[in-house]
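**Student:** Got a structure for you, written out below as structure tokens; questions coming shortly.
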Amino acid sequence: MALLAMHSWRWAAAAAAFEKRRHSAILIRPLVSVSGSGPQWRPHQLGALGTARAYQIPESLKSITWQRLGKGNSGQFLDAAKALQVWPLIEKRTCWHGHAGGGLHTDPKEGLKDVDTRKIIKAMLSYVWPKDRPDLRARVAISLGFLGGAKAMNIVVPFMFKYAVDSLNQMSGNMLNLSDAPNTVATMATAVLIGYGVSRAGAAFFNEVRNAVFGKVAQNSIRRIAKNVFLHLHNLDLGFHLSRQTGALSKAIDRGTRGISFVLSALVFNLLPIMFEVMLVSGVLYYKCGAQFALVTLGTLGTYTAFTVAVTRWRTRFRIEMNKADNDAGNAAIDSLLNYETVKYFNNERYEAQRYDGFLKTYETASLKSTSTLAMLNFGQSAIFSVGLTAIMVLASQGIVAGTLTVGDLVMVNGLLFQLSLPLNFLGTVYRETRQALIDMNTLFTLLKVDTQIKDKVMASPLQITPQTATVAFDNVHFEYIEGQKVLSGISFEVPAGKKVAIVGGSGSGKSTIVRLLFRFYEPQKGSIYLAGQNIQDVSLESLRRAVGVVPQDAVLFHNTIYYNLLYGNISASPEEVYAVAKLAGLHDAILRMPHGYDTQVGERGLKLSGGEKQRVAIARAILKDPPVILYDEATSSLDSITEETILGAMKDVVKHRTSIFIAHRLSTVVDADEIIVLDQGKVAERGTHHGLLANPHSIYSEMWHTQSSRVQNHDNPKWEAKKENISKEEERKKLQEEIVNSVKGCGNCSC
């Protein structure tokens, strides 16, 4: 029984962490057993058994755990039962709610259609040769000119050796005679050093100038592509981001942008120039030495290229495995560090290290395969080139014996082939790295092709709104996250301008969904939503979201200063305006007491601040935004009573003469609302003022109010435990069974 209680508590804590960390996978220690000697239930079995609905607890599990349930563990087990709903969702996402969790894709382009390589290259060339940047096109043209000069100088080098050797032979009568040492040394030094030195220096000069000129083109392309991807990701709808893990997405973008620079250089300065040089060398050999030399050269190069391409394609799968392992390792590290406190709570440092090491081991295995196959590729390339070079040299020696070629021709042929071997060796590397870079870039360009589900209509007009006209109206709105599971069923209500309206209801009634629909994170399947008398689907998203401020339940801050996070509400605001909203939110004095004042770093996700301080920052920056409409999505539900009262006092000053909608769980926070709307099963069940709704003792609101009030009283009443003892076991069992069944009606991760 103790084991059951321990795991129940762990599940409940894990469920809470899963709710908050919607962009990361939850780390939960496997369940060893339910209790005693009964059947053992593993996490994957829980997911497999829930066939009817992914979030349901199997009836067999309910029965077994109920039979082994002790009286003292009822509350803990109830929390655990709710948390059990999470397990199947980790395997497969069935809920797309605003803060729902689920199986996030470690592959950022999972479920997306790949972009063809030719389209990637075409898109790349559009950045290399931009129509709106003549200065960059001029740089590309100049770079190509320097490239041609460098290749020409490379071809000249073997000819320098040929003419030097031939002239020396002529001076000594067909045989190289070193009897006259001064003349010989002078002639060789002059011919080789001047010709070779000038050619090599010229080639190096052209290459370096080319790199310097083209550098701005490459960096500009990288910057523009990275910016476009980043902006596009922000424009995608919430559903896309809820199905992707942040760590994997970040790594994919990083690898893709790094691959851009390499592919740009490879396409413009390696692959095409190598092809040009191969044709040039083959033509020279055909003209100077005969068709046999050209055929052997082309045959060697063709075999070399075919072997390189075939082996590289085979090796590509190992790079894909490395990327996947790299993504998994990155996700594990980021998720574990973001959940630092949770790891400490359960003493799971070693478990996290072992889990992380498992991904690293997978990466190591794939990397070793890649390294060993690379050695095989390099040896094969060297063998093919050596065979071709040997054949060419044999043909050249036969030509010298026959008198059709000179010793200088032998030197020239050898020099041309060795000159060609440098880019050929690099060709293998370029092809391998280009293939790998294209794999990395595929995700980047695939993301750019993803179309958002929430977008402006053609020629959408900006929202015309003022605080005096900021009415909010829902007209027969129907909405469901998953087909067949309705969240809102024909809901209709209106919030007059400048009024405070509260929306309350039980879990799963659709309260938070209203916020997401009004902010257009989602579109209703039926019905319309109006703001200032205008259908929000007919106005631009930018103007709509500028007019609506949101104070979320879990305020997440940027890893920056307090001042930066406050200023984020309106980045053009003056320091005086920032200080004013901080005072209005009751935060100014607390900030001044900090060692660095407004320059205090808040830490990752604002974890250096208390919950109350984070909520006040969220309220302050919403005020700084100065929207006509403010939405409070259970903004104080996670705070203690004292902090809640302080923040509610600050809110009263904020909402004066401003349209405000409060999504509330604690009814005590909305007693002063102009109107309270009670939702039940996705419909407006009741509406009225606090006192008006309490006047009906059988109303849903009245029952909720008295239930919450009795909980507070019972919490402080020392006789409550004695009263519990008088409740019969049978009544307790029936009550708990009913609560368990009710707890699994929703998805368990959100308010649906």
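Every residue gets a Cβ built from N, Cα and C, even glycine.
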**Student:** With Swiss-Prot as the source, do ALA353 and HIS691 lie on the same side of the membrane?
**Tutor:** yes
**Student:** Which candidate from TYR481, TYR530 does Swiss-Prot annotate alongside GLY505, GLY506, SER507, GLY508, SER509, GLY510, LYS511, SER512, THR513, ILE514, VAL515, ARG516 at the ATP binding site?
**Tutor:** TYR481
**Student:** Of 74-94, 410-430, 662-682, which range does Swiss-Prot call transmembrane segment?
**Tutor:** 410-430
**Student:** Which residue among LYS119, LYS216, LYS486 does Swiss-Prot mark as N6-acetyllysine?
**Tutor:** LYS216
**Student:** Looking at LYS131, LYS251, LYS656, which residue has the N6-acetyllysine feature per Swiss-Prot?
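**Tutor:** Annotated as N6-acetyllysine in Swiss-Prot: LYS251.
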**Student:** Tell me, roughly as an integer, the mean pLDDT over the topological domain 'Mitochondrial matrix' (312-382).
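**Tutor:** That stretch averages a pLDDT of 86.
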**Student:** Between PHE379 (glutathione binding site) and SER336 (phosphoserine), how many Å separate their Cα atoms?
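**Tutor:** So the Cα of SER336 (phosphoserine) lies 43 Å away from that of PHE379 (glutathione binding site).
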**Student:** Please name which of the modified residues listed here, SER336, TYR340, THR342, is nearest in space to ARG319 (glutathione binding site), Cα against Cα.
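**Tutor:** Looking at Cα distances from ARG319 (glutathione binding site), the smallest one goes to SER336.
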**Student:** Using a Cβ distance cut-off of under 8 Å, indicate which of 291-311, 383-403, 410-430 has the most pairs with the transmembrane segment (141-161).
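**Tutor:** Looking at each of 291-311, 383-403, 410-430 in turn, the most contacts to the transmembrane segment (141-161) are made by 410-430.
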**Student:** Which of 260-280, 291-311, 410-430 shares the most C-beta pairs under 8 angstroms with the transmembrane segment (383-403)?
**Tutor:** 291-311
**Student:** Using Cα-Cα distances with a 10 Å cut-off, which of the modified residues SER336, TYR340, THR342 are near ARG317 (glutathione binding site)?
**Tutor:** none
**Student:** Out of SER336, TYR340, THR342, point to the one nearest GLN381 (glutathione binding site) in space (Cα versus Cα); all of them are modified residues in the record.
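**Tutor:** Checking each of SER336, TYR340, THR342 against GLN381 (glutathione binding site), the shortest Cα distance is to SER336.
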**Student:** List the Cα distance (Å, whole number) between THR342 (phosphothreonine) and ARG315 (glutathione binding site).
**Tutor:** 40
